[in-house]
Every structure is written in C-alpha cells, then in structure tokens.
C-alpha cells in the first residue's frame with residue numbers, strides 16, 4: 001500500500017471544503033497513512049462474490065400521502081441563519097466576475 | 001420546601017421509584033427536579049457532564065407535569081422523572097450544539113422524536129450533556145467545550161461519545177440520560193462508568209432530530225443506574241416514527257417485562273471467542289469470566305462461539321462511519337445555520353464555506369471527513385468503501401449463524417477500564433480500539449446491552465458485560481441483564497454504584 005502524500009491530503013481537503021493550515025496537512029498526512037494502512041485489511045477478507053451491505057436492515061422505499069401540512073414559518077426557518085436579507089438566506093457571491 | 005435529607009433521599013431513588021413516588025403524591029415533579037438541579041449545581045464543577053442547564057426552564061417543565069398529573073392525565077411510569085439529553089438531540093427550548101463550535105448557540109426550530117416523546121411522557125429535561133464533537137470519539141475529549149471527567153476517578157475519561165450522559169447518571173446528577181450509539185457510544189461509556197446502557201435494534205428508536213453522524217449506524221438509547229430503569233426509558237421513546245424512513249414498523253420488544261422477569265433458566269448463551277487476548281486488560285477478562293460463571297450458575301447453558309469476521313469489524317467501521325460522516329457533515333456549509341466566518345464581501349461562497357468548516361470543526365471531525373472523502377473518492381471506492389460493505393455482510397452472517405445456536409452472545413463491553421485523560425489523544429488507532437467489542441453489533445443492526453460486572457482488581461474501576469441479541473429481540477438482552485444484575489447485587493450485598501466516590 002503506497003503512502004498517502006501531503007499533496008493528496010491537500011487535494012482531499014479541497015474536495016472536503018476544509019481550508020486546512022500547513023501544519024494540519026502535515027499531521028493529517030501521517031495520521032491518515034497509519035489509519036488507512038490499518039483499515040486496508042478489509043480487502044483481504046472481502047474477496048469473491050460477497051454481496052455488499054450498505055445497511056444493516058433490508059430497506060424498501062417509504063411512501064406517504066401527498067398532503068399539505070404546516071411547515072416551519074419563514075421566521076423559524078431563517079432563525080439560525082448567519083445572514084438574512086428580505087426574508088431570504090444571504091450568501092456570499094457564488095459566481096465569480098469571469099462567469 | 002424540601003429538606004436536605006429529603007433531597008438526598010430523592011436522588012438516591014431509582015427512576016422507577018421516583019415515578020411511583022410522584023404518582024403517589026409523595027413528591028412533586030418540581031421537588032424531584034429541584035433535588036437533581038441542586039445536586040448538579042453541587043458536583044458538576046468537578047465532573048463537567050453538562051453543556052447546558054437552565055434551572056428556570058427545567059422547573060417550568062416540572063410545574064407543567066405537576067399540572068397535567070393533577071388534572072388526571074395518565075402519563076406513564078416515568079412522569080415527573082428528570083432526564084439529561086445528549087446534546088445531539090434537538091430541543092426547542094435550549095441550544096443544541098453536538099459539542100461543536102460550528103453549532104455554538106444554535107436553537108433548533110423543532111424537537112427530536114426522542115425529545116418529544118419523553119416530554120409527552122412527562123419526563124423533565126434537566127439539560128444537555130457533553131459529548132465528543134458530532135459523536136466522534138470514545139472519550140469525550142473531542143468536545144469543543146472541554147473534557148468531562150469520570151466520577152469514579154476524575155483523572156480518567158467517562159467513555160465516549162456519550163460521556164456527559166454517562167457521567168451525569170454515575171454522579172447522581174440525573175436518574176436517566178439519553179445517548180446515541182454509532183460504534184459503542186452508549187455501551188462503552190456505560191461500562192467505564194458502572195452503568196447500564198443499551199443500544200436498541202437499529203431502526204427501533206427514531207433518528208429524527210438526531211444530528212447525524214453515520215446514518216446507517218446511529219441509534220438512540222438509554223443510560224440508567226439499573227436494568228429496569230433503562231428498560232423503562234427505552235420503552236418510553238422507542239417505536240415506529242413516520243418521520244424516519246429507516247424506523248421499523250413493528251411493536252417495541254417487551255423490554256420492561258423482560259427486565260422484571262430476570263430469569264434465564266435454560267437460555268443458551270454464546271461466548272464470542274474472538275473477544276479476548278491481546279489488548280484486553282487482565283482484570284477485565286477476569287471479571288468477564290466470573291460473569292459467565294454466574295450466568296451458568298443461574299441455569300443458562302454457556303457455549304463458545306466463533307465469529308471470525310469480527311476481527312475485521314473495526315477496519316470496516318472506520319471506513320463506513322467516516323464515509324457517511326463526510327456526506328452528512330456537508331450540510332454545515334455556513335449558508336443556512338451555524339457559524340460563518342471571513343464573509344468580508346470579497347470571498348466566494350466556496351471560500352467562506354472552506355474557511356468556516358476549518359474553523360468550526362475540531363481535529364477528530366476533520367480527520368474523519370478526510371478519511372471518508374478518501375474512502376469514497378474515485379479509484380479507491382471499491383477497494384475501501386466497497387470492501388467494507390462486503391465485510392459488513394460477513395459480520396451479519398456470523399451473527400446469523402451464531403444466533404441459530406444461542407439466544408444471546410456475551411463479551412466484555414470494552415477491552416479496558418477507563419483510561420487516563422490525554423493518554424490516547426495523539427494516537428487515533430489506540431483510541432479507536434476502545435470500541436473493539438461494540439462495533440460488530442452496530443454494523444449488523446442488532447440489539448445490545450451493557451451491565452456492570454464488577455471492578456477490575458488492578459485499578460478498582462468498573463467493568464461492563466455486553467449482552468447481544470438479534471434485531472428486534474432487545475427483550476432478551478434485558479432479561480439476561482436483569483438476572484445478572486440481581487445475582488451480582490446479591491453476591492456483593494450492594495449495587496456497584498453505591499461504592500463509587502460520588503455515591504449518595
């Protein structure tokens with residue numbers, strides 16, 4: 001099993017939307033390497049035609065009647081928001097100027 | 001007014017006794033609640049079990065219960081009994097943070113089903129208890145708000161991730177508490193604090209309003225000082241919930257009846273061979289072997305059972321749980337609720353999101369998000385997440401084969417007693433070993449219970465006996481647990497907790 005590199009950790013951090021510090025990247029590279037080496041043994045056992053279980057119990061789709069219910073009021077839904085404007089969530093810019 | 005003697009008397013009572021005393025009019029819910037609030041005010045400075053206590057809110061709930069009872073409402077056996085909730089259950093009248101900075105001060109707009117059902121049954125919420133951030137950990141050292149201490153030894157961990165709940169009950173700050181068990185987060189803290197803790201069958205208790213960690217594993221469950229109290233709490237919040245699509249639409253197993261029966265004559269009990277050896281503290285194994293002898297003396301037939309795939313359960317868990325966590329924690333995006341930092345008008349939403357998540361999540365949460373992102377990423381998915389899911393199938397098969405021959409399986413709950421605070425903080429793999437014996441049950445969705453089985457001779461700290469049963473056979477774990485508890489109490493002349501430094 002190849003060691004996990006610091007560049008890979010930086011890539012994972014970008015995918016995970018975590019702006020990690022330089023020292024965190026170093027520390028995580030070492031720790032993830034140890035953890036991944038330890039958990040890699042699942043590959044030795046999981047061979048052949050064993051069906052995967054995503055869940056402990058068999059799942060079936062659950063339907064419910066399409067009925068109108070009282071939901072949260074706009075005030076309740078917005079109560080925990082970091083920023084609100086005109087009864088909406090105010091978010092930072094999503095599209096850059098070039099877009 | 002309640003005298004100091006009466007207050008001491010109240011906090012010594014079991015939950016069942018408190019419920020009966022309130023029903024009989026011996027005490028009011030307000031008197032009971034005051035007694036526990038006073039106790040928490042007195043000792044929580046040492047323990048730090050609670051993240052939030054609001055005396056006035058708790059007393060207002062208690063007054064409301066007294067009013068409902070006075071008007072003739074039949075609220076069930078736990079009416080007027082206080083409960084402490086792990087801070088992972090949403091509560092409308094108090095903050096819910098999952099012990100994370102990213103949710104500091106958040107007040108949910110709705111109650112979790114567990115919270116709502118217990119309110120309806122007349123239980124009074126004392127407050128919210130400390131935990132490992134987002135339930136990730138085995139020691140309660142990962143809380144963003146400080147560590148909780150084990151009432152048996154303040155230099156040691158109270159278990160995790162529901163360590164605030166276990167410490168609150170063990171220090172007699174609450175007669176009952178809720179927790180969640182994803183890989184052992186109820187049973188392991190129960191074991192190291194000398195309590196009873198149950199992981200119900202997955203889907204037997206609702207996850208609605210529970211801040212999700214790993215959705216295919218998370219299971220709400222009870223903490224109590226004895227088996228009957230745990231069963232009463234289990235029964236009060238369990239059962240089908242249309243708000244949770246993984247909730248099982250079947251009757252709640254008769255756990256209270258089983259806890260009262262306490263007879264195991266003729267039951268077949270399997271000892272899991274794989275749960276012994278390296279990494280197990282000798283005193284833990286000694287108490288466990290004595291527990292097995294006790295079960296035999298009560299008329300059970302004990303056999304050794306092999307579950308070979310259990311050796312790989314820890315590895316599978318540390319791929320499946322982080323994968324689900326990396327997905328579940330994507331909701332903390334700094335847009336709709338919780339923390340937002342560095343939003344100075346020049347940064348994009350993605351930059352603000354990344355900076356907020358880096359600031360708001362602690363080291364263990366970041367580690368698991370990164371691990372999950374790795375395991376799910378293109379090129380590694382089949383090797384890691386896919387293989388882990390196949391191991392999960394093998395573990396389910398091991399349980400199915402074992403339960404053809406035996407009614408329940410037993411093992412130590414945790415391989416060691418409570419370890420010193422800080423001992424495993426820099427070694428994630430050493431920390432993960434604390435859940436070695438509990439994880440297979442979560443992967444298979446079965447029921448399990450931990451009951452105290454004595455103190456380890458080398459350090460005088462509590463050891464837990466784990467009892468595992470098939471899905472929807474939770475009642476078997478309570479039946480065995482109650483029989484064992486009665487035998488142990490009769491042998492030692494007292495229950496274990498009465499010998500702890502914080503006993504009253």
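Cβ atoms are placed via backbone N, Cα and C, with glycine included.
What TrEMBL says about a protein is an automatic prediction, not a curated fact.
Bear in mind that the values here come from a model prediction, so they are computed numbers and not experimental data.
Annotation note: residue B:86 (active site, charge relay system) sits in a strand segment as assigned by DSSP. The C-beta environment of residue B:86 (active site, charge relay system), restricted to residues of the same chain at least 6 apart in sequence and closer than 8 Å, consists of B:128, B:129, B:131, B:162, B:164, B:165, B:177, B:178, B:179, B:180. What TrEMBL records for B:86 (among others) is active site, charge relay system.
Residues or ranges marked as active site, charge relay system by TrEMBL: B:161 (among others). Other Cβ atoms within 10 Å of the Cβ of residue B:161 (active site, charge relay system), summed over all protein chains shown, number 36.
Residues or ranges marked as active site, acyl-ester intermediate in TrEMBL: B:185. Residue B:185 (active site, acyl-ester intermediate) has a Cβ environment of 37 other Cβ atoms inside 10 Å.
Taken from TrEMBL, the feature domain 'Amidase' applies to B:32-476.
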